[in-house]
């Protein structure tokens with residue numbers, strides 16, 4: 001089915017999900033909305049996060065999308081269930097795919113979660129993990145300094161390494177075997193996070209896992225785009241289309257992206 | 001939802017899938033049918049494989065299962081679509097979960113598949129992989145000596161190592177980065193296969209991947225068993241319940257399994 005997959009995020013972080021969907025499902029067309037002007041969502045109230053997420057959802061619905069991916073952990077924690085119950089198309093968040101992948105990889109049952117203040121405060125990962133296996137031990141850590149590092153493009157180098165190292169210090173005593181990056185911005189910091197936490201810990205990126213589940217659900221609903229299509233992705237931002245295009249081109253390693261500024 | 005998940009296989013190989021479902025979804029109850037008396041399915045005609053698979057399916061339907069997993073690649077290749085179209089519950093095979101996991105892991109796009117003569121002849125993996133990404137290169141290899149090694153319990157030691165080494169010889173020149181174990185018996189041989197093919201190749205077990213997708217689909221349908229249930233698994237075999245119980249207890253590391261011999 002040639003209809004687009006809609007992906008929404010508070011900013012550019014959800015591009016890590018978009019990139020994985022493009023890699024794992026190269027026939028699919030993506031329509032992406034990044035609410036860059038109102039990013040970050042992490043410190044906002046639940047009411048605001050819900051309202052902003054609905055704004056993006058309603059914007060994409062007009063394009064007859066066949067699936068909606070809420071590529072923002074904060075928004076998933078707050079409003080996934082409500083949107084899922086309202087729309088007739090499949091709606092995926094990023095929390096359960098990350099949780100399921102962690103349960104698949106973890107043998108010791110000691111699982112760490114990194115996220116924004118909003119995501120960690122919501123306890124969404126712990127609830128998701130324990131709803132499937134009540135015996136796991138979850139260590140959750142809010143990392144409020146990580147999103148600004150990524151949005152500002154400073155996710156490589158010594159400054160980022162110092163911040164990550166200091167933030168994860170207390171987690172190293174927990175002897176985790178699996179660590180979930182519970183924010184779609186964090187995969188940009190993954191090389192540093194892996195280095196700091198140690199090679200023996202399996203680091204799970206919710207982006208990769210959500211792309212995989214999108215494929216499972218589209219296949220289950222018989223609505224995968226099969227055969228040789230050339231997808232025409234579109235990107236919408238509430239902020240500067242120029243800055244968005246620069247970041248997106250670098251991350252997705254694609255030139256000539258179509259980026260449009262919209263009002264929500 | 002407390003209804004059981006049905007798992008069917010030509011013999012004991014599907015226990016690798018059952019084991020993963022138990023590990024990743026410890027609240028779920030499993031009803032397993034192994035058609036040991038008519039195993040292996042690999043060399044049989046499509047008509048026979050279809051008929052035998054329907055026999056097992058109809059047997060489990062009487063127990064009001066909420067999902068059916070066809071944990072046999074040969075049966076999946078032949079009859080998954082027909083059963084899926086006929087039943088009202090979700091029906092999963094093991095081929096697409098393995099294919100999707102391979103597409104997620106592979107960066108070079110050079111993917112190998114090991115399977116029975118029937119599975120390889122059906123070209124099912126190649127079709128599944130290319131339906132999602134037409135650019136991948138697939139090397140498929142039939143390994144008719146592997147299932148007898150596993151069913152006879154000789155899957156460890158020098159004899160197994162010699163057979164695996166000789167079988168995979170020709171594949172080593174293909175410079176794969178991902179290898180799919182396209183038969184649910186093969187995970188028992190995984191340590192030897194990994195050793196022979198080399199540590200740089202990611203070996204994908206369809207069992208783990210299918211358990212993960214079962215979790216995704218049950219969650220999507222809101223029929224996961226949540227909370228603290230003690231599952232009561234049941235195992236049915238068309239062969240000797242004693243031999244089945246011995247093998248199953250060893251693989252699943254569980255004592256006191258309930259194994260019943262049935263006629264199909």
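Note that Cβ sites are derived from N, Cα and C of the backbone, with glycine treated the same way.
Taken straight from TrEMBL:
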BINDING   A:9, A:10, A:41, A:42, A:73, A:74, A:184, A:185  substrate binding site
ACT_SITE  A:72  active site, proton donor/acceptor
ACT_SITE  A:183  active site, proton donor/acceptor
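For the binding-site residues given as A:10, A:73, the lowest number of other CB atoms within 10 Å of the residue's CB is seen at A:10. Within 8 A of the CB centroid of the substrate site residues A:9, A:10, A:41, A:42, A:73, A:74, A:184, A:185, the other residues of that chain are A:11, A:13, A:14, A:39, A:40, A:72, A:75, A:116, A:119, A:147, A:183. Cβ contacts within 10 Å of residue A:9 (substrate binding site), excluding its own Cβ and spanning all protein chains shown: 30. Residue A:184 (substrate binding site) sits 6 Å from residue A:72 (active site, proton donor/acceptor), taking the C-alpha atoms as the reference points. Residue A:41 (substrate binding site): 25 other CB atoms within 10 A of its CB, across all protein chains. In this view, the densest Cβ surroundings among the active-site residues A:72, A:183 belong to A:72, judged by other Cβ atoms lying within 10 Å. For residue A:72 (active site, proton donor/acceptor), the spatially nearest entry among the binding-site residues A:9, A:41, A:42, A:185 is A:9, judged by CA separation. Counting only same-chain residues at least 6 apart in sequence, those with a Cβ under 8 Å from the Cβ of residue A:185 (substrate binding site) are A:11, A:12, A:13, A:16, A:146, A:147, A:150, A:151. All protein chains shown were included, and the count of other CB atoms within 10 Å of the CB of residue A:42 (substrate binding site) stands at 25.
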